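The following features are taken from TrEMBL:
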type	residues	note
TRANSMEM	46-67	transmembrane segment
TRANSMEM	88-110	transmembrane segment
TRANSMEM	116-135	transmembrane segment
TRANSMEM	144-162	transmembrane segment
TRANSMEM	182-200	transmembrane segment
TRANSMEM	209-235	transmembrane segment
TRANSMEM	247-266	transmembrane segment
TRANSMEM	278-298	transmembrane segment
TRANSMEM	304-326	transmembrane segment
REGION	352-383	region 'Disordered'
Amino acid sequence: MAALAPAGPRDAASAALDELSLNFTYGAPGPGNGSLSGAWYDRNQIHLFGVLLAILGNLVISISLNIQKYSHLQLAQQEHPRPYFKSVLWWGGVLLMAMGEMGNFAAYGFAPITLIAPLGCVSVTGSAIISVTFLKDNLRASDLLGMTLAFAGTYLLVSFAPNITQAISARTVQYYFVGWQFLIYMILEILIFCILLYFYKRKGVKHMVILLTLVALLASLTVISVKAVSGMITFSMTDKMQLTYPIFYIMFVIMIASCVFQVKFLNQATKLYNMTTVVPVNHIFFTISAIIAGIIFYQEFLGAAFLTVFVYLFGCFLSFLGVFLVTRNREKEHLQQSYIDFGNIPGKQMLDKIQPDSNSLSYGTLPDGSDSTKSQSGEKKEV
């Protein structure tokens, strides 16, 4: 038998590659990797736990939004309404929203970005169900169809998301952070962001697509940093302490900064455009940017089959379509405003109608106020 040659020294890069190869599991055929084996169950159990956290977090967020909406409705009915931030019910909704966001944050530590990010459709559909059940909003046929499509898309996303288990350590994040794929991605993203920001600031172009694209570009950094911070915290709790590495605090700063500027541009979009348009478009842009970030930074679709990727993208399309149908024209459904018909008043020949002005306490103006005023003054003179 030939003698085995001793292994030579390996540098830090090769050691990092070995660590990454141990962290990834793609369900390759072999002993212990069958559909009923313990390894398969343990791997998917971690993913399912992350999915459960994300779904519960999004449901809590939808409950919090409806609680805040209910508090606004209650304040509007008072004779002397007080500021909403003095309402205990409103602060309860804020607390629930914080809890839901914490659930989403923790979910990134147990499952891939490409699995957690599209589950944001649960918040939109859950909010519609709660508003119909408790706030007595109208249930439309498009709501039922949208919820069905969103649930079907969620099922496909969970079933065909990349079957990958990855331990996020500080060493792994450092390797990805200096990888050529992420560096090229960051250069392109910074270039696009600067061009859009130039049109937004200098040219005054405030189109919804520009604003939500800025939000999506920042959201890609948010999901990358959130998964890195959450993954390193999870790794510290289960294995070795990772919070002493500088990369943890770098990612934490990126997470906070990207969230702050993301909220700024999103608020600007909601001020300029209708929420029924902003919500589905923002969900689509955010999900696409998060999926691209997960593929490039964490290489979550590495080794995935074509059919798996196709069904996964089809599930994303169904969830996008479901969110669009649920939010379509929802804010336009108000109580029918009463009209004053002067055609029914004896002795009046005016057949025009006055619609109350929703932005003030007045009833608006007549189509031709001067003529009506003259006719009324003429009648007074005759009397």
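Heads up, the Cβ atoms here are built off N, Cα and C, so glycines get one too.
Using the rule of three or more Cβ pairs under 8 Å, pairs at least 6 apart in sequence, the transmembrane segment (144-162) is not in contact with the transmembrane segment (209-235). Proximity of distant same-chain residues to the transmembrane segment (116-135), defined by a Cβ-Cβ separation under 8 Å and at least 6 residues beyond the stretch ends, is recorded for 50-51, 54-55, 58-59, 61-63, 65-66, 69-70, 73, 100, 104, 107-108, 143, 146-147, 150-151, 153-154, 157, 223, 279-280, 283, 286-287, 290-291, 294, 315-316, 319-320, 322-323, 326-327, 330. Looking at 88-110, 182-200, 209-235, the range that has the most CB pairs within less than 8 A of the transmembrane segment (278-298) turns out to be 209-235.
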